[in-house]
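Features as listed in TrEMBL:
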DOMAIN    142-457  domain 'SAM-dependent MTase RsmB/NOP-type'
BINDING   C238, S239, A240, P241, G242, G243, K244, E261, D292, D310  S-adenosyl-L-methionine binding site
ACT_SITE  C364  active site, nucleophile
Amino acid sequence: MSKYMFSILPFNSTWRTPLWCLWLCSCHSGPDAVSLLNERKGARNKQVTKLHKKKRSSCQPVLDHFDQQYSQELGDLWPSARAVLLDRHSWQYGVMLNRFSTVTDITQTLQSQGFSLLLPQTNVSTLLCNGPSTILISKHQARKDSLLPPQYISKCSPNDSYVQPESPSHALGRDLQSEALSLACPSLQCYIHPYPLRFPSQAHRPGQLKQYYLLNAASLLPVLALQVRDGEKVLDLCSAPGGKAIAIFQCATPALICCNEPDPHRRDWLAKTLESFVPHSLNSRVIVSAQDGRSFGQREAGTYDKVLVDAPCSNDRTWLYSCSGQQGEQRLQERARLPMLQAQLLRSALSAVRPGGVVVYSTCTMSSSENYAVVETVLNDCPEAEPEDLWEEIAIPLSKYFAFSPAHPGHGQTLHKPSPQPQNGNVSSYHHRLGILVVPQPGKTWGPMFLSRIRRRK
Ligand SMILES: C[S@@+](CC[C@H](N)C(=O)[O-])C[C@H]1O[C@@H](n2cnc3c(N)ncnc32)[C@H](O)[C@@H]1O
C-alpha cells in the first residue's frame with residue numbers, strides 16, 4: 001500500500017470517459033516514465049549510451065493530419081519541427097537531480113560525459129560585478145516576485161530569439177538572463193547534453209530515494225512559471241506520472257502538495273514516483289487524490305496558492321508513433337474532444353486557486369486549439385482571470401536552449417475574439433500573454449510544450 005495519504009473525496013461516479021487510455025504514454029516525462037517497464041524486464045543499463053530506440057515507423061494518418069494543421073499554424077517552423085519529430089535519434093532527455101538524495105557521484109559522471117546545467121547556478125556577486133551596468137538586482141529581489149526583474153530583460157522583438165543570428169553580445173545577455181532565471185529556483189538542477197545522449201534510468205528500489213529523473217527539459221518550464229515558494233499550498237491537478245510534482249519539490253518545499261490523478265493505474269505510478277523521490281520526512285505534506293479534475297475546483301474553491309494544470313492532450317511525439325493506422329485515426333477523432341475537457345480543467349483550476357494566486361496551464365502538443373484557443377475561451381468567461389506575459393520572463397532568457405514560437409497574430413482573431421480586451425498594450429502583446437510554445441527544432445529538440453500563466457485577480 002502506498003505510504004501517501006489518499007484524499008477521502010470519492011472519485012466522481014459520473015466519470016465515464018476513458019479518455020486517459022489515449023494518453024497512456026510517457027507524456028512529457030521521457031524515459032523515466034518507461035523506466036518502470038524496463039525495471040520489470042530487468043533492464044540494467046550501466047553506461048551512458050547513444051540513444052537507440054527500437055525502430056518504429058510513424059503513423060501515416062497522424063503525419064498527414066499534422067502536415068495539414070501545423071503547416072498552417074507554425075508556417076516555416078513546421079518542416080524543421082517535423083524533421084525532429086521523425087528522427088527519434090535526435091530526441092534529447094534532461095537529467096533532473098533529486099536534491100533529497102546524495103548526488104555527488106552522479107554529478108561527476110554527468111560532467112565527465114559532457115553534460116552541463118540547464119540553469120547554470122550563479123554566484124550572484126560575480127554576476128553583479130561582471131555583468132552589464134543595467135543589472136542591479138539582489139538575490140532577494142530576484143526571488144521575490146518575478147523570475148526576472150524588468151531591468152534585466154532585453155527588449156528585443158519576439159522573433160529575435162530564434163530567427164535572428166546570435167551576436168556575441170546577445171548571447172552573453174541571454175546567458176546572464178538564464179542565470180538570473182536560475183535564481184528563482186536555485187535548487188533545481190537539470191543536466192542536459194548538446195547531443196542526444198541517453199543516461200540510463202534508475203531502477204525503483206523500495207525504501208531508497210532515486211538520484212535523478214529523466215525528462216524532456218521543456219517540462220520544467222511550466223514548473224518555473226508556477227514560481228512555487230516554501231510553505232505554499234499547491235495543487236497538481238493532472239499529476240501522473242509525477243514528473244512535474246517532483247520538479248516542484250526541487251524548487252521549494254510546499255506546506256502541502258495535492259497530486260490529483262483519476263486513472264487508477266497511473267495513480268499507482270504517481271505514488272511510486274513520489275515514493276522514489278520525496279523523503280519520508282515530507283510525507284505529511286503530500287496528498288494523492290483521485291478526483292475528476294473537472295469538479296475539483298468546486299469542491300475546494302479558493303484553497304490553493306498555486307495550481308498546475310498539465311492537461312491531457314494530443315501528445316504530438318507519442319501520437320505520431322501510434323501502433324497502427326487505426327489507433328492513429330481513433331486518436332485524431334478524440335482530438336476534437338480534448339479542448340472541451342481542457343477548458344473544463346482550466347476553469348476548475350481557476351476556482352481552486354485563491355484570489356491573487358496563480359494557475360499554470362500546459363500541454364505537450366503544438367495544436368493551437370488545445371493551447372491558445374483553450375486559454376482564450378476560458379479567459380472569455382472568467383473576468384477574474386488575468387493572463388501574464390511569459391515571453392520576457394521565460395522565452396527570452398531560455399532561448400539559447402529552446403526554440404519558442406510566438407502566437408501568430410491572426411490566431412486569436414480567427415479563433416475567438418480577445419475579450420475582455422487587453423487593458424494595456426495592443427493585441428499582439430495580448431497574444432503573448434496567452435502563452436508561449438516550445439517547438440522542437442534541430443539543435444534545440446526539446447518540446448513540444450505550451451505554457452500559459454493566469455493570475456486570479458484579488
Ligand atoms: C500530461 S499527463 C500529466 C503529466 C504529469 N503532470 C507529469 O508531469 O508527469 C495528463 C494526466 O491527466 C490525467 N487526466 C485525464 N483526465 C483527467 C481529469 N478529468 N482530471 C484530472 N486528470 C485527468 C491523465 O490520466 C494523465 O495522467
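Using the three backbone atoms N, Cα and C, a Cβ is placed for every residue, glycine included.
Features per TrEMBL, on structure.
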residue	record	CB count, 10 Å
C238	S-adenosyl-L-methionine binding site	26
A240	S-adenosyl-L-methionine binding site	30
G242	S-adenosyl-L-methionine binding site	30
K244	S-adenosyl-L-methionine binding site	25
D292	S-adenosyl-L-methionine binding site	17
C364	active site, nucleophile	27
Practice task
Measuring Cα to Cα, tell me the gap between C238 (S-adenosyl-L-methionine binding site) and C364 (active site, nucleophile) in whole angstrom.
Solution key: 13
Problem - Secondary-structure category, per DSSP, in which K244 (S-adenosyl-L-methionine binding site) falls - result: helix
Exercise for the section: State, in Å as a whole number, the widest CA to CA span among the S-adenosyl-L-methionine-binding residues C238, S239, A240, P241, G242, G243, K244, E261, D292, D310 given in the record. Expected result: 20
Problem - Coarse DSSP state, helix versus strand versus coil, of C238 (S-adenosyl-L-methionine binding site) - result: coil
Handout entry: Pairwise Cα distance for A240 (S-adenosyl-L-methionine binding site)/the residue listed as 'active site, nucleophile' [Å, integer]
Key = 14
Problem - Cα distance (Å, whole number) from the residue listed as 'active site, nucleophile' to D292 (S-adenosyl-L-methionine binding site) - result: 20
